[in-house]
Structure formats: C-alpha cells, structure tokens
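What follows is a short report on a single structure.
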Amino acid sequence: EACYNCGRGGHIAKDCKEPKREREQCCYNCGKPGHLARDCDHADEQKCYSCGEFGHIQKDCTKVKCYRCGETGHVAINCSKTSEVNCYRCGESGHLARECTIEATA
C-alpha cells in the first residue's frame, strides 16, 4: 500500500520521512473544503449515516431504528416490545443480558 503522505510504498504515513503534507480539511457532510460538518450550510447535501438519505444528519434523523425490535420511529431504551428480545446469558425471552437475574458463569 502507498503512504498517504508521500504516495510511495514501503511505509505508512506515521513512519514517513518526508515533511507532513498540508491538506485542507473537507466537510464530511458535503465534501467541500473550508468548514467542518457541524458548521455545514449545505443542508440539502448532508447525508444521514443512520438512514442514508440526504438533507439531514444522524442526530436530526426522524427515521431512527430500534436495535431491540428493528422497527423505525423509536430507540431501544423507549421500546415497548420487551417480550420480543432474548437474553444472551440465560436464553429466556423478555429481557436483555444486562437485566438478567441469573448469575453469569465463567
């Protein structure tokens, strides 16, 4: 693989003997230089890491997905479908391992 600093092979950027190349930072939302994602004015070009749609970022996403039941619109801590989950510790349904009353075996 090539070094990200000098472009030559045989080493990685942290071990490169060449002077550090100055690179302009680019926004992760729109890809344009001169600002960071949190200061991006190009809202229509921002891509959400949660749903993959453009026009907003993850913290503003209305299509949040629950990791407990897999449905959109709420997060696991607010999920009412506790009976659909299985505990990895005891194998019973209705609770998660962190809520399990069975002693863990080593």
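Each residue's number is its place along the chain shown, starting with 1.
Here the Cβ of each residue, glycine as well, is placed from N, Cα and C on the backbone.
A TrEMBL annotation is a machine prediction, not a hand-curated record.
Features as listed in TrEMBL:
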| type | residues | note |
| --- | --- | --- |
| DOMAIN | 3-18 | domain 'CCHC-type' |
| DOMAIN | 27-40 | domain 'CCHC-type' |
| DOMAIN | 47-63 | domain 'CCHC-type' |
| DOMAIN | 65-81 | domain 'CCHC-type' |
| DOMAIN | 87-100 | domain 'CCHC-type' |
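Taken as a whole, the domain 'CCHC-type' (87-100) shows an average pLDDT of 85 in this prediction. The helix, strand and coil residue counts that DSSP assigns across the domain 'CCHC-type' (27-40) are 3 helix, 1 strand, 10 coil.
Look at the domain 'CCHC-type' (3-18): DSSP puts its residues at 3 helix, 1 strand, 12 coil.
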